[in-house]
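A.B. asks: Swiss-Prot lists these features:
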type: BINDING; residues: G129, E130, S131, G132, A133, G134, K135, T136; note: ATP binding site
type: COMPBIAS; residues: 997-1016; note: compositional bias 'Low complexity'
type: COMPBIAS; residues: 1050-1063; note: compositional bias 'Polar residues'
type: COMPBIAS; residues: 1106-1121; note: compositional bias 'Polar residues'
type: COMPBIAS; residues: 1203-1219; note: compositional bias 'Polar residues'
type: COMPBIAS; residues: 1238-1252; note: compositional bias 'Acidic residues'
type: DOMAIN; residues: 36-715; note: domain 'Myosin motor'
type: DOMAIN; residues: 719-739; note: domain 'IQ 1'
type: DOMAIN; residues: 740-767; note: domain 'IQ 2'
type: DOMAIN; residues: 773-963; note: domain 'TH1'
type: DOMAIN; residues: 1116-1178; note: domain 'SH3'
type: MOD_RES; residues: S357; note: phosphoserine
type: REGION; residues: 404-486; note: region 'Actin-binding'
type: REGION; residues: 988-1086; note: region 'Disordered'
type: REGION; residues: 1106-1136; note: region 'Disordered'
type: REGION; residues: 1203-1252; note: region 'Disordered'
Amino acid sequence: MAIIKRVVRSKAGQAPVKKGAKIKKASYDSSRKKEVGVSDLTLLSKISDESINDNLKKRFEHGIIYTYIGYVLISVNPFRDLGIYTDDTMKSYQGKNRLEAPPHVFAIAENMYYNLKSYNENQCVIISGESGAGKTEAAKRIMQYIAATSSTHSESISKIKDMVLATNPLLESFGCAKTLRNNNSSRHGKYLEIKFDAHFQPCAGHITNYLLEKQRVVGQIKNERNFHIFYQFTKGAPEEYRQLFGVQQPEQYIYTSASQCTAVENMDDVEEFNETLNAMRTIGLTKSEQDQIFRALAAILWIGNISFVENEAGNAEIRDKSVTTFVAYLLEVQEELLIKALIERIIETTHGAKRGSTYHSPLNIIQATAVRDALAKAIYNNLFEWIVERVNNSLQAFPGADKSIGILDIYGFEIFEHNSFEQICINYVNEKLQQIFIQLTLKSEQDTYKKEQIHWTPIEYFDNKIVCDLIEAKRPPGIFAAMNDAIATAHADSDAADQAFAQRLNLFTTNPHFELRQNKFVVKHYAGDVTYDIFGITDKNKDQLQKDLVELLSTTSNSFVREIFPDQPQTDSRRRPPTSGDKIIKSANELVETLSKAQPSYIRTIKPNDTKSSTIYDDQRVLHQIKYLGLKENVRIRRAGFAHRQVFEKFVERFYLLSPQCSYAGDYVWDGETLDAVKLILQDASIPTTEYEIGVTQIFIKHPETLFALENMRDKYWYNMAARIQRAWRRYLQKRIDAAIRIQNAIRGKSGVSTFRNDELRNAGDKVYGGKKERRNMSLLGLRGFYGDYLSCNESKTRGSYIKRQANITERVLFSSHGNSLHAMYGGASQRLRKTFILTPTSLWIVGHTKARNAMKYITDYRIDLGKIRSISVTNLQDDWMAVNLMDSPKPDPLINLPFKTELITRLTQLNPRIHVKVSSTIEYLRGPKKLFVVKSQYSDSAPKYHDLYRNGTILVRHGNPPDSTAENRPAFNNEDMYGNLMEAKHKTMKKKVGTKRTPQALPTSSLAASAAQAAYHPKGIRSPTSTEQKSPSKSKPITKTRKPPVSSPVRNTSKTISNSKVYSAPKASVTKRTQDTVSVSKTSVKDDVTQEKNAIIQTEEKQNYSLPENIPQSSQTDSYQAAYDFPGSGNPSELPLQKGDIIYVSKSDPSGWSLASTLDNSKEGWVPTSYIVKYNGNVTDPSAQHQDMNTMKIQEDNTTSINEPETHTNQGPSNTDLGANLASVLAARANKLRSESEEDISREEDDDDDW
């Protein structure tokens, strides 16, 4: 048993000392789920767009949305809440590296924060993907993790963290909107920097805004919405705002109702409006500032309700002047100036350096509507920029905030039916991000291989620099430069500017990534070809508010409006003002420069479908994204040299269990260099050297299958350790069961109850063949009993009970045993298969054995109703074959080979007397319907000595005992003889281990047998009488003609001979006087005892010496004896209680260990334990010195015949009863020997690997 082994081993040497303080102890992750697909695309066996898509789809269908490509995270939008952003989930990623937890956005955040603290380098995460793929959600989760993970020790730090988190709902309200593809689409780009102090606590922040889609303010396509804030404000505005600003429901405003979508499923605008107000308060916006913000929003909504009619001259006029009156009230300007600005345009002419004339040109309805929308867009754009700047002021950096983590959340790549200036700007920025992604990824890989001195082959990839130059270049001019030239040529006329731009596009026709079509042009982006409309594109690029509107807003008495429009028109400046294209190019290049200064992380988001369904995975849609995101190229780059790499410490921490030299009982014990530990692990795991390379600080593994093999071996380590503990525990339980059975047998023997209760069944077995079949030697032994349930199926926690459960057997088992069944194969061949045969009161079960996943499974092959058995066919020779002939069964008749066939047949005939037993030289049975097969039998000297041989339909067997042979009589020996010495040896072992002096104690009132049973079930709960010093049990020497008295020996006799007579041990007590004959006990180990007992048993079996000792004169009835111990008795009236020192007469000694005694006055008589009394010679005698005489007396009473005086027997030779008794003793000894050897073999097998 494993527990004993560890105790023994600890005597020889202590366990290795734990080493490697940096290496964490390995632990079994019970929460680990079964891997779906691969968690890292670099581990795919085949690299293709289709295999990547299949892996992502498989994980998406199982609710797993995150996958790695090395350190790049792939995120598939689930369109539902998966419950994976809880506080417990966050805690599970804290302090763990990428391989220690499943892919997750929290793992990216943890890696950035760890690198910030460890290497003191700025970090950034680039989140890319198309609209609706989940970029904004990923950014929010990163901010959530960093705020929760970074420690907080002051109120100011906590306030900054709250303010950083509050920017999310605020900027989402003003910068996000519902589109056809996404309910919360970012219509602007932002780069949020969270800055940290020297203690790596967030102490400041800064937001950079990129290109707000202001066109959405004045118009949206059907089923899309304006920015969220308009619907939140119109639905959730308090009564105060409704009175001051005239706020109505969104259906009352053209800007919020024209697209016929004012509500979004699963979005509560009123609740989100309250969150927006809370975010404003958290950031520090005052009540006055909030009022001014909502006043401007109300002005925008009412501006949208200004409508025009055509007058008689064909010019525009205000349809309802009450609307313009209210707008003038909100903007705090004069109504007349507002109306003029909307329906007239001021035109100035110049003559050289002289001032020219000024004209007021009336506008038509289309032109007036454009001016109205331009005013609304300008107010909202400037309001949004003011909010961003106000947030940055609140997040003002404290001194020492020089390190940061940047989070880029920018609009994704867009392809619509009609694409204009906004789309080319958005797609240009994504091209720049794709360019920096490729450059930084390749650069990072190259730097890693160079630093680690690893050689690799560069991989080819598409460099989209040519597309970026096509859009942003100045010499030769790109698309934006051509657009600026067209505007400068025809500044006042938008149509003329569009035509001039179309002409300049002819310069790009030679570019392979450009195509010019009628009134349209195509740019072949990395994400796909996009067709842009030329009409109106130049006007959107101007980014200038008309002079009329600027002058109007400059007259306002509202300080907030003047604040958001600070710039005054420069009428005398001849320098061309920057266009929107110029601004976006400048912002994109600044962004690239900022990202290049930080250590980047990447999140690539994917949108699974266009219907926002949580169950649909559109393969073609995702395949397109996989291609334009370049995931296949990214995988190839990552795997160009090696599929997996890890620093030495983390590799050892993960796999040190695979090396016995590095681990002991789950602890890391290697005290050498970590590099040497890496080499040992790879060597002990049998990983070929061609599968890896070792760098300076990292181990590089070439193929994913190698990593899979390492992970599989690590997983099996825990399984093997659990299985080993289970085996040890089962052995321990089985030992207790065996001990209980031995004690029960001893109790039954002492009480006169026969251990063998199946004598009548055994005798019936002699008659079952009718004297026609030869018998085996083992079948005729007197010790042979029909025990029935040999597999202990009716017991609990046994293999038999496990088989019974597997076969779904619910009845009580009458017979169970292992055997074989002949299975007919195609072509006439046959195969012997191992089976288990179980007999119940109604059925015969044949259970097959099947091995699956290194575990044995038991499946029912046959369930035969006893009433369906017609006959049993056996041969007339001593073989073990029998055929069960069935009645009208579609299945073939079973042909069985079973050592206990006679017992099974006997039980079958008793349960169903109509079963006929056919004994013949052949066995006939049906192999199939109407397919009779005959098995012959014949003698053969080539057959095994104790078995038979089946060959080509013939049973070969040796000659057996005559058919009329009957079994020997049951041996008349007591079970206590067999097991008594074993229990005594156990007590001796315990006393040797303890080694402390104890005074003799009286036995408890319960009987000795009951005490022994208690000791078996509770080994530590019983204390037997012990002595201070013990003598080794003396050994009887081989019998000679002149008998020598037994002599005590200080050392156990190592002679290879042993007498057949039993030496009964008795409890020993401490003595007050030592004689010269007594010898001090030898401190012999338990192992020596077992070895000598085994040698003695082996010698006995070799010599087959069944001799009995010489007769010894019987003791007279008047012999006097003295009580050596107190014997209070168990309360049985047949016992005679004694106190130590009492003198008694002994008239009879029984082999069971009891003596019939009486007091000196013959007033009381009863049974006393023989081992508790010694021969009385008139002095106080040492009990130990008398025990040999008592044993001699018992031997004399046990054996009524001496081999030295055979003439005294009536029959020549030993009787059957005496021979059976001695043979039974030898068989019992052999059984104990085999059991001991089996246990030692099991222990020997686990000595090498018992490291748990």
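Cβ coordinates come from backbone N, Cα and C, glycine included.
How about a rundown of where these features are and what they're close to?
C.D. replies: According to DSSP, S131 (ATP binding site) is assigned to coil rather than to any helix or strand. Neighbours of S131 (ATP binding site), defined as other CB atoms within 10 A of its CB across all chains, total 22.
Looking just at the domain 'TH1' (773-963), the mean pLDDT is 89.
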A.B. asks: In the domain 'SH3' (1116-1178), how many residues does DSSP assign to helix, to strand and to coil?
C.D. replies: 3 helix, 29 strand, 31 coil
A.B. asks: When a 10 Å sphere is centred on the Cβ of E130 (ATP binding site), how many other Cβ atoms does it contain?
C.D. replies: 23
A.B. asks: Would you mind listing, in sequence order, the residues at least six apart from G129 (ATP binding site) in the same chain with a Cβ closer than 8 Å to its Cβ?
C.D. replies: S75, K135, G412, F413, R604, T605, I606, K607, Q625, L629
A.B. asks: Output, ordered by sequence, the same-chain residues six or more apart from G132 (ATP binding site) with a CB under 8 Å from its CB, or 'none'.
C.D. replies: N77, T179, R181, N182, S185, G412, K607, D610, K612
A.B. asks: How many other Cβ atoms sit within 10 Å of the Cβ of A133 (ATP binding site)?
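C.D. replies: So the Cβ neighbour count for A133 (ATP binding site) comes to 26.
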A.B. asks: I want to verify one value. Collapsing DSSP to three states, which class is T136 (ATP binding site)?
C.D. replies: helix
A.B. asks: Who sits close to T136 (ATP binding site): which same-chain residues at least 6 apart have their Cβ under 8 Å from its Cβ?
C.D. replies: E172, C176, N184, S186, D409
A.B. asks: Mind checking how the region 'Actin-binding' (404-486) divides into helix, strand and coil residues in DSSP?
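C.D. replies: Computed counts for the region 'Actin-binding' (404-486) are 47 helix, 7 strand, 29 coil.
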A.B. asks: Looking only at Cβ atoms, how many others are within 10 Å of the one on K135 (ATP binding site)?
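C.D. replies: There are 28 of them.
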A.B. asks: With an 8 Å cut-off on Cβ-Cβ distance and a minimum sequence separation of at least 6, pull the same-chain contacts of G134 (ATP binding site), or say none.
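C.D. replies: Once residues fewer than 6 apart are set aside, G134 (ATP binding site) is near S75, V76, N77, T605, K607.
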